[in-house]
Amino acid sequence: MYRILEFLRQEKGFISGEEIGKRLDISRAAVWKGIKKLREEGYVIEAVTNKGYRLILHDTMYNEKEIAQGLATKKLGYPVYFFKETDTTNGRLRDIAAGGETEGAIAVAEQMTAGRGRRGRPWEAPAGSGIWMSILLRPNIFPSQASVLTLLAGLAVCQSIEEETGLTPSIKWPNDIMLNGKKLVGILTEMECEMQQTHFVIVGIGINVNTTEFPEGLMDVATSLYLESGRTFSRKNILQRVLLNFEKLYMELLDSHCSFAPFLDRYKEKCSTIHQEVKVLGKETFFAQAVDITPEGELVVIRKDNGKKEVVFSGEVSIRGGKTSE
Ligand code: BTN
């Protein structure tokens, strides 16, 4: 069926079933069956007597084939594992990776029934509205360095959204992407490692694209590109752009021996946390003023209670007075 799709994609105008059959060396009945299947998948194929078939191209199709088609990356996105419904793409890709899959493979779901968020929280991932994607990486880094991948994923997603939509989201350190004070994107990085060795890393990215509403309780803190702009966007185009931008940053990271320093200025430019009052949620919870990001990607804060400077390594900050997912 996908050979027929390729064929229709290349043809500008109509092409008869007979001609398709001849070129692909299949019967007219097989062509008709293939067309029927493609339509069932959601492709709009016009049929006119005496003229044949024509594919009406549209950007809303979202499946393995569409995502792979036109990917400009060298590594990321090969192969694409697409699930109409799955529990969690991070979990699925983890199993796939444990079976030996190569770096760059991605798992994408139309819908997740048990999407995972940070700190054991659930992640809402209904069908038709967002990008729920996990990326498999096998970098030669120490487990302690892996958090830099999360920072770069945030930067790549932020850049990609800006390029694809013209909207200007910002990064809430370390890696939430915010738009107009609400959370637009969540990133969850998980890894398989031993003390000194990383076997693989799964970077899970959730982007609320065309979501029209959120469950009660989330409406105040979460948003989507659609809700902020009134426009719908092609998930495929955004996903492909994220892969391309993330791959560029990832390659640069490997070239720089996994140092975050070369990315610091770019990251800081997009990061809205600096100069904000924050609540640091870690072993200890305290209020502070965020003042800088270190070349290692940590947040520098000045505590409100004792005026001391501290470096926050990971964990979470919630912006005081702003809306967050906390
Ligand atoms: C967060 O809590 O902010 C992180 C949310 C991460 C959601 C993404 S969607 C794709 C991937 N698969 C999951 O189950 N979670 C991540």
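Even glycines carry a Cβ here, placed using N, Cα and C.
Among the features that TrEMBL reports, DNA-binding region is placed at 17-36. Residues annotated as domain 'BPL/LPL catalytic' in TrEMBL: 65-254. Here TrEMBL flags THR88, THR89, ASN90, ARG116, GLY117, ARG118, LYS183 as biotin binding site.
Positions of the features from TrEMBL, shown on the structure.
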residue : record              : DSSP (3 states)
THR88   : biotin binding site : coil
ARG116  : biotin binding site : strand
LYS183  : biotin binding site : strand
(request) Please list, for the DNA-binding region (17-36), how many residues fall into helix, strand and coil according to DSSP. (result) 17 helix, 0 strand, 3 coil
(message) Any of the binding-site residues THR89, ARG116, LYS183 with a C-beta atom under 6 A from ligand 1? Give them in order, or none.
(response) THR89, ARG116
(message) I need to check the long-range neighbours of the DNA-binding region (17-36): which residues 6 or more away from its ends have a CB within less than 8 Å of a CB in the stretch?
(response) 1, 3-4, 7-8, 45, 47, 52-53
(request) Please list residues from the chain of ARG116 (biotin binding site) whose Cβ is under 8 angstroms from its Cβ, counting only those at least six apart in sequence. (result) THR88, ASN90, GLY91, PRO122, TRP123, LEU188, GLY204
(request) Using a 10 Å cut-off, grab the number of neighbouring Cβ atoms around the Cβ of THR89 (biotin binding site), all chains included. (result) 28
(message) Please identify, from the binding-site residues ARG118, LYS183, the residue with the sparsest Cβ neighbourhood, meaning fewest other Cβ atoms within 10 angstroms.
(response) ARG118
(request) Give the number of CB atoms, excluding that of ASN90 (biotin binding site) itself, located within 10 Å of its CB. (result) 24
(message) Are there any residues at least 6 positions away along the chain from GLY117 (biotin binding site) with a Cβ closer than 8 Å to its Cβ? List them or say none.
(response) TRP123, GLY186, LEU188, GLY206
(request) Please work out the mean pLDDT for the residues of the domain 'BPL/LPL catalytic' (65-254). (result) 95
